[in-house]
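Here is what Swiss-Prot records for this protein:
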- Asp10, Lys32, 59-68, Thr123, Arg184, Gln193, 213-214: substrate binding site (BINDING)
- Lys61: active site, proton donor (ACT_SITE)
Amino acid sequence: MINPVYVAIDTTEAARAIALAERLKGQVGGFKLGLEYFTANGPAGMEAVSGLGMPLFVDLKLHDIPNTVAAAMKGVVRLGAAITTIHASGGAAMIRAAVDAANDEAAKLGIAPPAVVAVTVLTSLDQAGAEQVGFERPVLDQVKRLATLAQDSGAAGIVCSPLEVEAVRALCGPDFKLVIPGIRPAWSEAGDQKRFLTPAEARAKGADVLVIGRPITAAADPAEAAGRIKAELGL
């Protein structure tokens with residue numbers, strides 16, 4: 001079984017990110033780097049981590065007009081991303097533009113395109129928080145609506161919380177990639193995640209990729225923490 005765990009390395013320090021990645025290579029499936037890291041270190045910082053030979057999840061959550069997102073996506077492909085994110089709420093045209101740009105640029109470079117996955121509702125939002133930003137329907141209904149939009153528009157999958165995995169899997173079928181942040185082992189603190197499950201629970205419900213950050217990166221021994229999660233998953 002392929003290790004589904006991608007470690008969220010949330011830092012501005014390239015040296016720390018590289019050191020963590022080198023330490024965790026044998027215990028995880030890949031590394032996720034986001035805006036915090038990218039704005040501090042740029043493409044060179046991303047390439048320093050991807051150069052270690054592990055799959056890279058470039059989590060920039062692109063959300064703009066279709067032409068702008070398409071142009072940005074070409075740059076993401078050049079970073080060697082295996083997975084990358086856009087916002088589903090950008091709409092069908094934006095999603096299609098992102099997917100087309102990823103495929104076109106990858107073909108030019110002779111590499112596999114990244115899986116373009118669409119963020120639905122941020123896992124830091126509970127129902128009250130979702131209502132504050134204008135979601136009039138329950139979070140689950142909003143996630144399902146955006147998942148259908150993303151799938152119909154060509155996205156490879158979505159990002160949603162573990163609590164929506166089962167419903168989205170039933171709605172979108174077995175081949176739609178479900179990338180799940182908000183994963184917290186039972187022995188770790190919840191932090192700022194409002195909608196979370198343990199790694200084993202999320203996998204049992206149909207999650208494909210488990211994004212785990214501080215339970216690993218903030219542990220006294222990150223490799224030991226990652227190995228503990230790996231064992232819990234039966235890997």
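Every residue gets a Cβ built from N, Cα and C, even glycine.
Taking the features listed in Swiss-Prot, we show where each one sits on the structure.
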residue : record                    : Cβ neighbours (10 Å)
Asp10   : substrate binding site    : 17
Leu60   : substrate binding site    : 20
Lys61   : active site, proton donor : 15
His63   : substrate binding site    : 17
Pro66   : substrate binding site    : 18
Thr123  : substrate binding site    : 23
Gly213  : substrate binding site    : 19
